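A.B. asks: First the structure, which I've put down as structure tokens, then a few questions once you've had a look.
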Amino acid sequence: MAEFFAMGGHAVWVWSCYGLSAGGIAFLIWLSFRQRARAREWQKLSGDGQP
Amino acid sequence: MWSAFANPERFERLAARLVPWFGWGAAILFAIGLPWALIISPPDYQQGDTVRIMYVHVPSAWLSMAAYAGLGGASFVYFIWRHNIADLAAQALAPIGAVFAFLTLATGSLWGRPMWGTWWEWDARLTSMLVLFLLYLGYMALRAAIEDERLAARAGAILAMAGLINLPIIKFSVDWWNTLHQPASVIRLDGPTIHMSQLWPLLVMALAFTALMTALVLMNVRNMSLAKRAEARARRRIEGEGT
């Protein structure tokens, strides 16, 4: 297991890349859910149901 | 055929059906692709385990370019036919493409430091990718800076279409100029030069990224469309109550 995380001595570079990518994807998902919440707000204000 | 999707309600219904398919598809593909990329695929004989950076760097690069092609295409459709869904698609693609362009630059830099001995080099591929990232930021800043929505959409569409010229420059930069960045090894006329043990996990990861981006774009366009129509109804109602 330690060998896997060590990535042949390149752990810092490899895991930084995967961490950044996970962060970027999480940010995009958060943006999408914020957009959905905004749509629901407008639907409530207009007297419609949920999207 | 395409004009059928210009109807917001029809598009919203279709997007609501497609989002779970693409979302779950992305989750399944990531569940297959990540262990393949991180554990099963062998280290490179020269790069060692840093080759695993390729499995997030290359899909990010492809998608940042695909998102810009979509942004340019949607802008063209909006500019010519004034389809609102096309404008919403352009707006939805911009932040997603910007994040993928940023990830391409950041992961490339993190690979370059141990392999090239430098975080950054002003070579044609890296510079044209930086231009792509700046085009995304410029597009979003331009739209945010103009209050009139129609004018913002038209100005954004012109910028997005003009920026399309950068896509072939990125793709062929490694052939046209003498660059530090390695030449194409997957999308080539004479077939990929990358070994199958690395090509398959790369393709699975690229499919996972593509499915995720498709789900996010569809979800965002649908929600923006719903919000826009609901906002118009809410304003009409408030104005009606005021008179």
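Heads up, the Cβ atoms here are built off N, Cα and C, so glycines get one too.
Grabbed the feature section from TrEMBL, which reads as follows:
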- B:21-41: transmembrane segment (TRANSMEM)
- B:26-181: domain 'Cytochrome c assembly protein' (DOMAIN)
- B:61-81: transmembrane segment (TRANSMEM)
- B:93-112: transmembrane segment (TRANSMEM)
- B:124-142: transmembrane segment (TRANSMEM)
- B:151-170: transmembrane segment (TRANSMEM)
- B:199-219: transmembrane segment (TRANSMEM)
A.B. asks: Is the transmembrane segment (B:21-41) packed against any residues at least 6 beyond its ends, judged by a Cβ distance under 8 Å, and which are they?
C.D. replies: 51-52, 55-56, 197-198, 200-202, 204-205, 207-209, 211-212, 214-215, 218-219
A.B. asks: Do we see three or more Cβ pairs under 8 Å linking the transmembrane segment (B:93-112) and the transmembrane segment (B:151-170), pairs being at least 6 apart in sequence?
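C.D. replies: Taking Cβ pairs at least 6 residues apart, the transmembrane segment (B:151-170) and the transmembrane segment (B:93-112) are not in contact, as fewer than 3 fall under 8 Å.
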A.B. asks: Count, for each of B:124-142, B:151-170, B:199-219, the Cβ pairs lying under 8 Å from the transmembrane segment (B:61-81), and report the range with the highest count.
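C.D. replies: Checked against B:124-142, B:151-170, B:199-219; highest Cβ contact count belongs to B:151-170.
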A.B. asks: Cβ under 8 Å to the transmembrane segment (B:151-170), counting only same-chain residues 6 or more beyond its ends: which ones?
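C.D. replies: Non-local partners: 65, 68-69, 71-72, 74-76, 78-79, 87, 90, 124-125, 128-129, 131-132, 135, 138-139, 142-145, 176.
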A.B. asks: Other than its close neighbours in sequence, what residues sit by the transmembrane segment (B:124-142), given a CB gap under 8 Å and a spacing of at least six beyond its ends?
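C.D. replies: The answer is 61, 64-65, 68, 71, 94-95, 97-98, 101-102, 104-105, 108, 152, 155-156, 159-160, 163, 166-167, 169-170, 173-174, 176-177, 179-181.
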